[in-house]
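Residues or ranges marked as transmembrane segment by TrEMBL: 6-23, 35-56, 62-81, 93-114, 120-142, 162-180, 186-211, 223-241, 275-294, 300-324, 336-355, 367-388. Sequence annotations record features per position, and here TrEMBL assigns domain 'RCK C-terminal' to 407-487.
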Amino acid sequence: MANIDINYVFFIGGLLLTIAILASKLSAVFGTPILLLFLAIGMLSGEDGVFFHIVYNDYSSAYFIANLMLAVILLDGGLRTNFRTFRSVASESVLLATIGVVFTSAITGLGAYLLFDLTIVEAMLVGSIVGSTDAAAVFSLLGNGGVHLKERISSTLQIESATNDPMAILLTVVLISAVNQEATGAAQIAMIFLSQFLIGIFLGVTFGFFARLVIPMINISSGLYMLLVLGIGLCGFAVTASLGGSGFLAIFIIGMVIGNQDIRPLSYILPVGEGLTWLAQITLFLLLGLLVTPHKMLEYAVPGIILALVLAFIARPIAVFLCVKPFFKRYTNKEIAFMSWVGIRGSVPIVLAIYPVMKGVPDAQLYFNVAFIVVLFSLLVQGASLVVSAKLFRVYAPASDAPINKSELGILVSDDFALYNYEIKRQGMEGVSLRTLRFPKRSRIAAIFRDGHILKAQGDLLLKRGDIVSVIGHSTDEVLFNSVFAQDKPPKYLERYTGDIILNGSEKMNELSKAYGIELTSFEEDMNLSEFMDYHIGGFAETGESISLIDVRLTVVEMSGDKVNKVGLTKLVKETYANNHD
């Protein structure tokens, strides 16, 4: 009998996983948020569902599994967060993740007080549970929607989502204590807050640098590196949480410390991490879908939807405006409006809603069901409109053409050579000769593939759509290769004029990067503009020569001997440029 039960569990688990993965294709076809599909499959398979009628109401195991899955998702998010980008938006992100959560929770709590038969403390508990955004939801939706946000906006939202859990947990724990009439003084609240952040940051950095020390020293199978990172990350999460810190913050920092090290195993870590993250997201949302009982949730449907509207249209916009507008002038009103709308709620509020159930709070099902309704509304309305809103508020950025595949060659320990394969897709690349393409001087075109045949990479060869171009270059130059194959006009027809802005060749690239959003490698950050132009042109520049990056074109305007004296900068996306200067 035991074997039958185990086999049944394996079969149902495997079937749900298969259905969820196959259903992910529907997300792209119909524009449905993929996480909502996972949640719906769980609900349809649950107690009130139409498929398996699985009765799952074990909140303790759900809490354990949900925390584990969230930890995996945040670890992978940290691995993919660029530290330079993090540093540039840390102030506004942390402000949104702390004071912003307090404002959002308080205003939403007032709405709950008016909508439900609750005391003011109980209503504030509802607000704190739904007060934090969800990184997994936001960036899963963005990735599947095909929208590429401006780096500043994208990074602010991601880091806010990764760091706002401590404040949401703090508010939830404190308010549960107040509801249960357990003494919680101001000093105790301050200690909980400080320990969550300070211990989380300290141990996150400590475990992260321990991993950075260990990983390059060992030679193991490529598939084991991510498992090693996961093991260290979970150890850091557990130790941090045991000592009163935020395990979620710690594991995000561990990932970021590891991901910003220039080491060869990183190319093995990231692909495996992506697979683990997808598994974690599917498991998490299927589980939460099974946990809810729809007929009980319907009792709170109308006030729950009204509360979701209060959160989306009043609480979140006020919080974002108060945290960003007075202190960070570089954000336009449209960007602030978009950040307000993209306060997507996902798995975190539902996990926090399990806290009252486990702590024996009176009428605990109200908190869980209301949180679930808010999450459903957020994914269905805000999530489904993400693509439209990104374009409406003009916060999208043109995507560079990524390689169809790439593989590091294992020649160097750091900044290794890699083979990049690009498919010619854009009409602007049709008929372009190889000699007109500008690559960094330390890279080479290895081969051209056409109709299954290999062609010699000769300068007079004209490209056709469908060709595969194989390029060998350093891993830090990938963003530049991407920009070459993203041309909408062939290079020989590009307009030759000085540009929108004239820059001096002596200006530092790290400052220009901040001012104009130019993507740089660590190698390029120490260059001035003259050196940068020489480097990318592949020798001494001449007047009129230009290079195209992701969304800017740089043209040599004036030479002084063999030095670039003046450079014209042209924004390739005019509406984005205009929006930044509203």
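Yeah, the Cβs are placed from backbone N, Cα and C, and that goes for glycine too.
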Interface-richest range of 62-81, 186-211, 223-241, 275-294, 300-324 toward the transmembrane segment (93-114), CB pairs under 8 Å: 300-324
Beyond the flanks of the transmembrane segment (367-388) by at least 6 residues, Cβ under 8 Å: 31-33, 35-36, 39, 112, 116, 125-126, 129-130, 137, 141-142, 145-147, 288, 292, 296-297, 299-301, 303-305, 307-309, 311-312, 341-347, 349-350, 352-354, 356-357, 361
PLDDT averaged over the residues of the domain 'RCK C-terminal' (407-487): 78
In contact by Cβ distance (the transmembrane segment (162-180), the transmembrane segment (35-56); 3 or more pairs under 8 Å): no
Secondary structure tally of the domain 'RCK C-terminal' (407-487) (DSSP, helix then strand then coil): 16 helix, 28 strand, 37 coil
Ranked first among 6-23, 186-211, 300-324 for CB pairs under 8 angstroms with the transmembrane segment (223-241): 186-211
Outside the transmembrane segment (62-81), six or more residues from its ends: residues with CB under 8 Å to it: 56, 135-136, 139, 155, 158-159, 162, 229-230, 233-234, 237, 247-248, 251-260, 269-270, 273-274, 276-277, 279-281, 283-284, 287-288, 291, 347-348, 350-351, 354, 358
Within-chain partners of the transmembrane segment (186-211) [C-beta distance under 8 Å, separation at least 6 from its ends]: 166-167, 169-170, 173-174, 228-229, 232-233, 235-236, 239-240, 243-258
Among 162-180, 275-294, 300-324, 336-355, stretch most in contact with the transmembrane segment (6-23) (C-beta, under 8 angstroms): 275-294
Chain residues outside the transmembrane segment (300-324) and at least six past its termini with a C-beta under 8 angstroms from it: 92, 95-96, 99-101, 103-104, 107-108, 111-112, 115-116, 126-127, 130, 331, 336-337, 339-341, 343, 345, 366, 369-370, 373-374, 377-378, 381-382
Intrachain residues whose Cβ lies under 8 Å of the transmembrane segment (336-355), provided they are six or more past its termini: 35, 59, 62-63, 66-67, 69-70, 104, 128-134, 136-138, 141, 153, 156-157, 165, 168-169, 172-173, 176, 284-285, 288, 291, 311-312, 316-317, 320-321, 324-325, 367-368, 370-372, 374-375, 378-379, 382-383, 385-386, 389-390, 393, 395
